[in-house]
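Structure first, commentary second.
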């Protein structure tokens, strides 16, 4: 309780009966035309009694009215600078109080979330402070992350529980377990996969050629002569179109009889070109190669012996795994091409000779995954 008794007389003020000199300069008159503070600002500037000198004087309930009036008249009026400083102090005090309350709430919530070690252990209640509505709003990032993690964990457990039990697996399992014969057929269909250049859209004639002739070792001179001629014609075209006209070439070249073709005259060549629609240069090249084969027969006994000498009478087996690894020519095809060119053969470039080697089984270029690879290797 404040018992101060303030009296003012001129420039001397008496406080509790003691004279206190108060210069006139200490009393500053209020500025003219000063605007009163807004209610919201006045409310925000409310301070505790220890921080406000004016509030200290007004809290003295026992002091008389004249004493409170005299004390208020002695204090200088609030200036803009003092108002701003007071507002800053008030805002800082409120922010500190809010942070303290939030920290206390977080601590209480964390303690309340921990499971009790004993059945009878008491759980601390969640303390909610004024201005702190909830510890974690429903739409917060942390809540969304925990929800996503829980969903991912549930999905992972589901995948682990149903690992390998898909619908397709069940269908295959049913087919395999039906009968022993069905199982054998399923394994055979999976294992017997043709070379990758044979697709579902490949012509059936070319598929038959792949499955029956391509890569099979050939030792017949007439068939070797036929494949050498077709390999030369195939340059710039595809095997499917050549195979479709294979009967035309056989008829034009007398079944690829080497001795008969070697005796063709220029008049016969022109007649065949006009009758079968074949290129005259192709016919002349085939006749020239037939003549060269007759010469090779005198030196080696047969055209087959001459050709197979380059590979030591054993087919080459590169064992390619991918069709893109199969080359268009090799060093062996280049060496055979050079020797045949030296002997006077025509249309026997390295690429043509490599195609010829593949066709007659001098090299087994079936992919290792193709069942024909094993068949051609065993037939050799």
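Glycine is no exception: its Cβ is also placed from the backbone N, Cα and C atoms.
Since this is a predicted model, take the numbers as computed values, not measurements.
Taken verbatim from TrEMBL:
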BINDING   195, 210, 366, 370  Zn(2+) binding site
REGION    1-45  region 'Disordered'
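Overlay of TrEMBL annotations on the structure.
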residue	record	Cβ within 10 Å
195	Zn(2+) binding site	22
210	Zn(2+) binding site	19
366	Zn(2+) binding site	25
370	Zn(2+) binding site	23
Taking 8 Å from the centroid of the Cβ atoms of 195, 210, 366, 370 as the cut-off, which other residues in that chain fall inside it around the Zn(2+) site?
194, 197, 198, 214, 215, 367, 372, 373
